[in-house]
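Trainee: Sending over a structure as structure tokens; questions will come in a sec.
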Amino acid sequence: MTDLNAFIDGLPKAELHLHIEGSLEPELMFALAERNKVAIPFDSVEAVRAAYDFSNLQDFLDIYYAGANVLLTRQDFEDLAFAYFQRAAADNVRHAEIFFDPQTHTDRGVPFGVVVEGLIAGMDRAKAELGVTSGLILSFLRHLSEDEAFATLEMARPYLHHFVGVGLDSSEVGHPPSKFQRVFAAAQAMGLKLCAHAGEEGPPEYVWEALDLLHIDRMDHGNRSMEDPALVRRIVAEGMTLTVCPLSNHKLCVVDDLKDHPVPEMLRQGIRVTLNSDDPAYFGGYVNENYRQLAAAVGLTREQLTLMARNSFAGSFLDDAAKAERIAEVEAYAAT
Ligand code: ADE
Ligand code: ZN
């Protein structure tokens, strides 16, 4: 292990872009398939891993939604969440803000409350047993309709105190942020923070829409913003945090080679970049692996790695006192 990898391992960090369904490891998928008597189209863990060879976002999403079919009970969601937090704690993640896709489950007949109560139980255990704090972000599937998103927001109302925000994910091209302008306005009126995947595969126009029409508090991915200098200036001027996911970008062919990843240029231009794992069970690594592989590919310095860890707390939805406390931990670590 290089010194830089040891430095990454110990760096206190937050994870701000993690789909809990994307942390379903093949081993747990098999265990849940057996526990729930659900058929899956694979006969071994190795066969599942071999199927994780994607040429674009949709290729991945088809497998990701199929994998989620094994999740049925409150215990399943608790087990899924706690398994993620064990991995996160091992990477010295101190705080995580995790997405879940309720429509993936309610459309299969799993009650909204079963999903939320299970995830919250896993999050509570993570805090008690691992000391990792967390927040839950309800993400709308953008390939579904505005009406379906509104219906999901209504289902969320009794559980509102459990959520820090809403997100927007799934197939980006053909489903611009404008489709969800009214849903996001309603979510904001309910006191929720706003995140959206933008500029992962979609054009810079979608990123402008996420800013101008959805009024997002945080941007997920944002890679294609780099094609538009005026957009980059706007992102820098607003102090917008981007949750960038290097291994995901490579696996989904958003970048052909990790050596060409835009993070160094984003940092040079003054964008508040954070590094995250997106769907670690599918993309080959949890958050530290994203730091490590990107650092090796593009040659990041300790200062740049420290800045991104600092950004991860600054760009979180923690309150100001908690942010200051966590950032002081990052700085104390970096100074040793
Ligand atoms: N859902 C899970 N991971 C996603 C990603 N990277 N982009 C869009 N939707 C997703
Ligand atoms: Zn994502």
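Every residue, even glycine, has its Cβ placed from backbone N, Cα and C.
Positions annotated as active site, proton donor by TrEMBL: GLU200. Per TrEMBL, Zn(2+) binding site is recorded for HIS17, HIS19, HIS197, ASP278. Here TrEMBL flags ASP279 as substrate binding site. The domain 'Adenosine deaminase' annotation in TrEMBL covers 12-331. According to TrEMBL, the site 'Important for catalytic activity' annotation covers HIS221.
So where do these features actually land, and what's packed around them?
Mentor: Annotation for GLU200 (active site, proton donor): spatial neighbours LEU57, GLU172, ASP220, HIS221, ASN223, ARG224, ASN249, LEU252, VAL254, criterion Cβ-Cβ under 8 Å with sequence separation of six or more. Secondary structure from DSSP puts GLU200 (active site, proton donor) in coil.
Cβ-based neighbour count (10 Å, all protein chains) for HIS19 (Zn(2+) binding site) stands at 26.
Other C-beta atoms found within 10 angstroms of the C-beta of ASP279 (substrate binding site) number 25, with every protein chain shown included. Secondary structure at ASP279 (substrate binding site), as computed by DSSP, is coil.
On the 0 to 100 pLDDT scale, the domain 'Adenosine deaminase' (12-331) averages 98 in this prediction.
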Trainee: If you count other Cβ atoms within 10 Å of each one's Cβ, which of the recorded positions HIS17, HIS197, HIS221 has the most?
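Mentor: Max Cβ neighbours within 10 Å, all protein chains included: HIS17.
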Trainee: So, in DSSP terms, is HIS19 (Zn(2+) binding site) helix, strand, or coil?
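Mentor: For HIS19 (Zn(2+) binding site) - judged by DSSP and reduced to three states - the answer is strand.
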Trainee: Indicate whether HIS221 (site 'Important for catalytic activity') is helix, strand or coil by DSSP.
Mentor: strand
Trainee: Beyond the listed site residues HIS17, HIS19, HIS197, ASP278, identify every same-chain residue whose Cβ lies within 8 Å of the center of their Cβ atoms for the Zn(2+) site.
Mentor: LEU18, GLY22, PHE99, ASP169, ASP220, HIS221, THR243, CYS245, SER248, ASN276, ASP279
